[in-house]
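Q: Just passing along the structure, written as structure tokens.
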Amino acid sequence: MSRSGFLQYEKFNQLFSQLQSAGYGCVGPSVIDGAVQFGKISSVAQLPQGIELTVKPGSVRVAKGDHQRYFAWPNGAQGIKPWLYRSRELLWRAEQTEQGFVFNRPEVNAEPIAFIGARACDLAALQLQDLHFMYGDYPDPFYSAHRNALFIVGVNCSHTGNTCFCASTGDGPEIQSGFDLLLDELDDGFIVRFGSEKGLKIFEQLELTPVSAEGHVDAKAQIAEVIAAQERALLHENMHANIFSNLDDREWDSVAEKCLACGNCTMVCPTCFCHREVEVQALDGKSSQHIREWDSCFNQDHSYIHGITIRDETRLRYRQWMSHKLGSWRDQYDRTGCTGCGRCISWCPAAIDFVAEANLIAGDS
Amino acid sequence: MSAQPIANPYLPYEAEIVERIQETPDVFTWRLRFVDEQLHQQYEFQHGQFNMLYQFGVGEIPVSVKNREQNLLTHTIRVVGRVTKAMAELKAGHRIGIRGPYGRGWPIQDCTGKDVVFITAGLGCAPAISAIQHVAECRTCFGRLVIMQSVKHRSDMLWQKQYDEWRQLPNTQVLLAASREKTNWPNWERGRVSVLFEDAIYDKQNCTVMLCGPDGMMSGSARMLAELGVPEEHIYLSLERNMQCAIGHCGHCQFGSAFVCKDGPVFSYPEVKEVLGHRGF
């Protein structure tokens with residue numbers, strides 16, 4: 001285990017000022033529109049201190065809690081994904097010339113960002129997005145630029161949500177790797193560790209005191225409590241084989257009766273990567289932008305091909321989402337595409353329980 | 001960090017339509033030249049790969065490379081959607097964007113000395129044309145060449161003259177079928193492509209079969225060929241799915257575990273057997 005130090009609440013804002021001095025813009029959680037959302041923030045004052053976040057299928061509620069903690073809630077509405085794989089990105093622009101047109105490459109303004117409050121499920125998802133966008137045959141220049149400019153402040157979860165199941169996927173609640181700095185929040189401050197050289201540089205600038213023996217024990221204990229408190233567990237060992245041998249299972253029909261095919265689950269999923277390419281022509285007709293934006297396998301035109309929609313029923317689209325996430329993802333990236341964050345359950349307007357459905361359709365009975 | 005232009009795998013290159021050929025009322029062929037002469041000379045493709053073609057202000061579509069004739073890149077397009085309808089309006093001299101080639105093509109390099117069988121339906125013949133030409137041009141490099149093509153009506157048949165020329169080659173068989181034809185014509189069978197299987201002469205143990213057509217035709221044919229004794233791993237097929245990025249990122253073309261754009265479009269039958277012909281994939 002790397003060196004650790006204790007950062008008292010009164011000194012917490014040093015983290016912000018040191019990251020800012022190092023050239024990072026800080027991105028962190030705040031309560032916005034009744035949910036915990038990540039945005040650009042400049043100080044600890046904007047963090048969701050003393051709140052209680054209650055999540056359950058189809059419901060997310062923020063209330064005032066009886067504590068002074070900053071991260072006493074399971075996870076935010078989105079993971080790190082929107083900051084690297086942007087919901088809308090200009091790929092290129094075609095400009096008309098006398099004879100034809102030219103293609104102009106956009107400049108990528110990869111502003112260095114410090115993401116404060118990444119959870120274990122989000123860091124596991126980040127690794128999957130890295131594999132998809134950065135380590136294939138065609139590294140994505142946009143994702144890579146944002147990714148390389150990212151500083152990660154991870155936070156070990158001290159509270160679980162009703163929809164969380166990271167312990168069963170093996171991704172949380174304790175962060176194992178992938179952070180620059182790591183925080184364990186206790187009642188009066190944070191145990192701080194570093195996981196990289198750039199993390200060490202900030203670590204050394206903080207006014208830290210030694211961590212008490214009780215502090216280490218308390219940090220371990222609250223992680224153990226989160227594991228014990230998780231009510232859902234994905235039984236994912238044989239899901240690949242089970243899903244692909246149950247493609248005509250009747251349960252696909254019953255889940256499709258509830259599913260609105262709205263795509264909310266895919267929008268909040270930290271690993272979903274589908275996007276469409278769209279053309280936006282200027283009003284004067286002289287230039288045209290080629291843009292990519294997030295798409296969802298729940299959209300009818302996701303599977304459109306020369307006049308045919310391959311997945312023309314919600315049943316087939318729900319099956320595509322689950323069979324990819326828990327089945328074929330394993331062939332593509334050596335593990336499932338689910339890191340147990342539970343957002344797809346919390347943000348489903350029909351309160352569909354992804355874990356229960358998966359265990360029913362694909363679990364070992 | 002200062003802003004800088006970046007290498008961009010999404011960026012197309014400008015090309016000129018040198019010639020436009022109306023093949024049938026809804027199918028046309030473009031013969032193209034990259035505007036950048038050096039790029040035009042350097043451009044290479046494997047038989048069965050595809051390019052992304054872009055029309056200014058409208059969008060991009062994937063189209064298999066038909067071949068390279070008289071040093072011009074050839075694409076054959078059926079008018080069916082928003083982008084192809086707009087493309088149909090373009091004339092010789094107009095310009096488009098091209099990026100590619102993408103994907104994995106036909107396993108021609110593994111066919112030396114073996115019988116080579118092409119089974120195609122409708123416009124599914126286009127992705128196979130350059131591979132057939134390659135085998136036709138070197139009849140002694142390969143065993144027998146068997147070409148089976150089916151269409152709905154005899155009038156849908158593209159490149160009939162080319163097929164008639166192939167028919168004259170040694171050790172070569174050209175079999176044609178029309179599923180909705182009412183009249184008997186010389187050299188034509190009535191029915192789907194499978195009606196030709198009985199007449200095809202090739203070494204089932206030592207051949208490579210390449211299929212291209214609608215999914216149902218390919219899954220049905222692959223099953224029948226396996227029953228006839230062709231080892232499944234010697235059967236290849238070219239799939240078509242919604243492709244927008246062509247580099248395995250956008251997710252639309254997923255077919256079970258495969259990204260058709262980068263893992264295919266050509267697959268061996270065992271690679272896709274699990275979901276081929278299954279509704280929803």
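The backbone N, Cα and C atoms fix where each Cβ goes, glycine too.
In case it's useful when we look at the structure, here is the feature table from TrEMBL:
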DOMAIN    B:10-108  domain 'FAD-binding FR-type'
BINDING   B:Cys245, B:Cys250, B:Cys253, B:Cys261  [2Fe-2S] cluster binding site
Q: According to DSSP, collapsed to three classes, what secondary structure does B:Cys261 ([2Fe-2S] cluster binding site) have?
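A: Looking at the DSSP assignment, B:Cys261 ([2Fe-2S] cluster binding site) belongs to a helix.
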Q: Per DSSP, what is the residue count of the domain 'FAD-binding FR-type' (B:10-108) in each of helix, strand and coil?
A: 13 helix, 51 strand, 35 coil
Q: List the residues of the same chain that sit at least 6 positions away from B:Cys253 ([2Fe-2S] cluster binding site) in sequence and have their Cβ under 8 Å from its Cβ, in sequence order, or write 'none'.
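A: B:Arg241, B:Asn242, B:Met243, B:Phe259, B:Val260, B:Cys261 - these are the non-local Cβ neighbours of B:Cys253 ([2Fe-2S] cluster binding site), listed in sequence order.
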Q: Taking the mean position of the Cβ atoms of B:Cys245, B:Cys250, B:Cys253, B:Cys261 as the [2Fe-2S] cluster site, which residues outside that list, in the same chain, have a Cβ no more than 8 Å away, listed in sequence order?
A: B:Asn242, B:Met243, B:Gln244, B:Ala246, B:Ile247, B:Gly248, B:His249, B:Gly251, B:His252, B:Phe259, B:Val260, B:Lys262
Q: Just to be sure I understand the packing, how many Cβ atoms besides its own are within 10 Å of the Cβ of B:Cys245 ([2Fe-2S] cluster binding site)?
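A: For B:Cys245 ([2Fe-2S] cluster binding site), the 10 Å Cβ neighbour count is 26.
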Q: Tell me which residues of the chain lie with their Cβ under 8 angstroms from that of B:Cys250 ([2Fe-2S] cluster binding site), as long as they are six or more apart in sequence?
A: B:Met243, B:Gln244
Q: Quick one: average pLDDT across the domain 'FAD-binding FR-type' (B:10-108), no decimals.
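A: Averaged over the domain 'FAD-binding FR-type' (B:10-108), the predicted model reaches a pLDDT of 96.
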